Amino acid sequence: MSQLNVDPQEIAKFEALAAKWWDQHSEFRPLHQINPLRLNWIDEHAGGLAGKKVLDVGCGGGILAESMARRGADVLGIDMGEAPLNVARLHAEQEQVANIEYRQIPVEELAQEQAGQYDIVTCMEMMEHVPDPASIIKACQTLVKPGGHVFFSTINRNPKSYLFAIIGAEYVLRLLPKGTHDYHKFIRPSEMAHDIREAGLKLKDMTGLHYNPLTKHYWLAPNVDVNYMVHTLKEGQS
């Protein structure tokens, strides 16, 4: 996410909402609701978080990063938004979560500093907000140790995802602010798989994240038509 791989409008969206990041009744409610699901999925697929060195790319206000630290990981969260990072730092301090740090730095720049330093790299709900997702994937591959795990999540690009993730989530159910997502930045699983292979990662698992607006319940299932998560591995011995 060097300056060439940052969309200032995307940064501004989340800067404006930063103060609400830890309010579970705000626009960030969906992130709080899905966090236990994605946290458990990452923990399980990575063979545990405790004692691992973890990087969270595009960490925002720290919801996932802090929850991984609470499970015993040594976490660095990075983002290009200053206001969300300030919120994340303050929340970790208030909650006395010591094994976590935050930095405002592009992931590509960090990859030049800390190649092969992390057991686990996560990049969740961010890929659809950057101009060049392939560059992010490559940087994550550089940062993880051989034998380490890299996790991504994003939104598929098809008529169903437009209906559900934009019309439904932003306009009908109002789960998210209008304009949160740009359909043209959504990423098909085939495109994601191609970029993963090109970066030198091995695709291990892909699962869909689903929502029932009547029960307000989220769950994981194989269908990846809308939201989905990806587990990859950097082959080799650490």
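Heads up, the Cβ atoms here are built off N, Cα and C, so glycines get one too.
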Binding-site annotation, Swiss-Prot, S-adenosyl-L-methionine: partner of R38, G58, D79 in M68, M124
M124
What number of additional C-beta atoms lies within 10 angstroms of the C-beta atom of R38 (S-adenosyl-L-methionine binding site)?
22
